[in-house]
Amino acid sequence: MVSPLPKRSRSSSEDSAEALEAKKPRALVPHVAGTLVAAVDPQRRRSGLQAPTMQLTGATGEVLTGQFDPSGQFVASAGFDRHVLLWRTYGDCPNYGLLQGHRGPVLQVLWTADSAHLYSASTDRTLALWDTASGERVRRLRGHGAIVNCVARPGVTTTVASGSDDGTVRLWDPRERPAVAILAGRAPVTALAYAPDGDQLYAGGLDNLIRVWDVRQRTVRSTLAGHTDTVTGLALHPEGGLLLSYAMDSTARVWDVRPFAPAERCQRTLEGAPAGFERNLVKPAWSADGEFAATGGADRTVTVWDHRSGQLVAKLAGHKGNVNQVDFHPREPILLSASTDRTLLLGEYDFGAR
């Protein structure tokens, strides 16, 4: 049985991205409060959000990526308008920052573990590192020969990886400008995920495969085959051991990536989230407790499954365009979705009560 979110409420910053552009480049934009519409019964609330669902508006182009910071206090989003927008999760979700400098659409954002910095991958062939307190771009990492589609980091080091249409994965130390290593593949790299210890890197590509790289040896340990179209997003389970993938074949898959796992690595194929014809790089996510897997899609909804049973537990509506990325809050039952309709939604959920 599908359990939709409560009726969506609206909250938006009064400053649009166009107004923010008039500010000094790379400077944080002051808090401008939005207007909350709808009364909420406090007895039925499940999170610290000001309303069961909050809408974040202000982007002037498709929102291709969005992510909570590790503390859950902030959100970063970016997309076709080339800007990275910073938002507060709570209160009226004001847009408090604008990061400018990319010359092409931004395809993925990634917070550092301490939330002090943020990476952004762009079609301008660069990976940028931003100071989220000052709004300054502190590094512009160059070397890729084509669009940079994705970025990933492990949990224990400062190393970061980027994947590109040039067929390579580049490993970067943010203290150095040249890449510290180049992993050369056979097809454009469209999705990345790092093992927590930094020893393994998972890379999905245009050839429908997921390659498991040994980062130290710079070799491919194994290949995960099963998708029949481009792999668009990867997410590692919070406890490790399981890898979630989504592809343009309109399926999500759960892979067993533990050492000495059975030869058949694909544990489950999850259906119900159509990829559509826009061929966006849709990025899936795990819930913080590891119980649920979710992804967006072309049907304008967020699809959520119980990964153990494979049961579809929710189809969350509200967007008017493709949902390009989803992310779960690290501590509260809040789900983020970023869409082609130029908005983000933050919504409470209770998938257990179905």
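Using N, Cα and C of the backbone, Cβ positions are placed for all residues, glycine too.
Curation plays no part in TrEMBL annotations; they are all automatic predictions.
Straight from TrEMBL, the features:
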REGION    1-25  region 'Disordered'
REPEAT    56-87  repeat 'WD'
REPEAT    99-140  repeat 'WD'
REPEAT    141-182  repeat 'WD'
REPEAT    182-223  repeat 'WD'
REPEAT    224-258  repeat 'WD'
REPEAT    285-315  repeat 'WD'
REPEAT    316-354  repeat 'WD'
Self-check item: Overall pLDDT for the repeat 'WD' (141-182), taken as the rounded mean
Solution: 94
Quiz prompt | Interface-richest range of 56-87, 99-140, 141-182 toward the repeat 'WD' (316-354), CB pairs under 8 Å | solution = 56-87
Quiz item: In terms of Cβ proximity under 8 Å, which residues at least six beyond the ends of the repeat 'WD' (56-87) contact it?
Solution: 11-13, 15-18, 20-21, 28, 93-100, 102-111, 113-115, 118, 120, 122, 130, 132, 280-281, 283, 321, 324-325, 327-332, 334, 336-346
